[in-house]
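Novice: I am attaching a structure below and will ask some questions about it afterwards.
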Amino acid sequence: MHYYRYSNAKVSCWYKYLLFSYNIVFWLAGVVFLGVGLWAWSEKGVLSDLTKVTRMHGIDPVVLVLMVGVVMFTLGFAGCVGALRENICLLNFFCGTIVLIFFLELAVAVLAFLFQDWVRDRFREFFESNIKSYRDDIDLQNLIDSLQKANQCCGAYGPEDWDLNVYFNCSGASYSREKCGVPFSCCVPDPAQKVVNTQCGYDVRIQLKSKWDESIFTKGCIQALESWLPRNIYIVAGVFIAISLLQIFGIFLARTLISDIEAVKAGHHF
C-alpha cells in the first residue's frame, strides 16, 4: 500500500509553526546549556582528562548543566524537525518524552511529600558527601557557598558538619590553616566591610559554642530549607504549575499536529 500527497493536502500551518516556535526556544536553550557546560569543563581541564569526572566524590554542578542541556537540545531538535518535516516518529518521541518527564515530576513531588523523613535523610547524605569534596571542585564550592549565604546557614545540621572535610577537620592530625574553621560563606556578614573576608571563618570552632553565633551562622542548611519552604510555598507551587502548563501545552500541540498529519495521510491513502 502506498499513499500519495496531493498539492492541496496540507497540514495546519498554525499548529505546525506554533510547535516549531515552541521548540526552537528549548533547542536554543539546550545549545546554551551545552556550551556553558563544555566551557566550564574545558576551564577545569576535564575535556583533556575525562578521568577527572570520576575522581570527585561529590557532585559536579556542571554535570547537571550538561544533562539539562542534552535533554533540552534533544527534545527541541526532535520537536523542530518533527514539526517542519511532519515526521510522526519524531513528534511521538517528543510527545512521549514530555509526558514521561511530566509524570516523573509529579511522582517526585508526591513522594517527597509522603516520605519527608526519607527525603531529609537523603538530602543530609547528599550535602555531607559534597562537604567532603568542597575543595575538590570550584563549581561545587561556589554552589555550597551560594546555598549557605542565601539561606544564612552552615553545614547540613550545623557548623560541626565541616569536620567531615579534611581541611576544616578539628582533629590533631590536620595541619591545614583552615583547621577548626568554616568556609567564609558561613560567616555573619559585616555591613561595614565592602570586600569579602575569605578568612573570617578561621579558628571559629576553637571558641566556645556559645560565642559561635556572634561570627557565624549556627543553623544547618537542612533546617533553613525546611523553614524556607512553608514561607514560599505559593512561589514553589506557582513555578511548578507554570512548568506543568508549558509541558501540557507542548503535548497538546504535538498531539494535535500528529492527528492532523494522520488525517491528511489517511485521506489520500490508496
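Cβ coordinates are placed from backbone N, Cα and C, and glycine is handled just like the others.
Annotations per TrEMBL:
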type: TRANSMEM; residues: 20-41; note: transmembrane segment
type: TRANSMEM; residues: 62-84; note: transmembrane segment
type: TRANSMEM; residues: 90-115; note: transmembrane segment
type: DISULFID; residues: Cys153-Cys186; note: disulfide bond
type: DISULFID; residues: Cys154-Cys170; note: disulfide bond
type: TRANSMEM; residues: 233-254; note: transmembrane segment
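Would you situate these features in the structure and describe their surroundings?
Specialist: Cβ neighbours within 10 Å of Cys154 (disulfide bond), excluding its own Cβ and spanning all shown chains: 27.
Remote same-chain partners of the transmembrane segment (233-254), defined as residues 6 or more beyond its termini with a Cβ less than 8 Å from a stretch Cβ, comprise 15, 18-19, 22-23, 79, 82, 91, 94-95, 98-99, 101-102, 105, 109.
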Novice: Taking the Cβ of Cys170 (disulfide bond) as centre, how many other Cβ atoms lie within 10 Å?
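Specialist: Taking every protein chain into account, the count is 13.
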Novice: Rounded to a whole angstrom, what is the C-alpha distance between Cys154 (disulfide bond) and Cys186 (disulfide bond)?
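Specialist: Their Cα atoms are separated by 5 Å.
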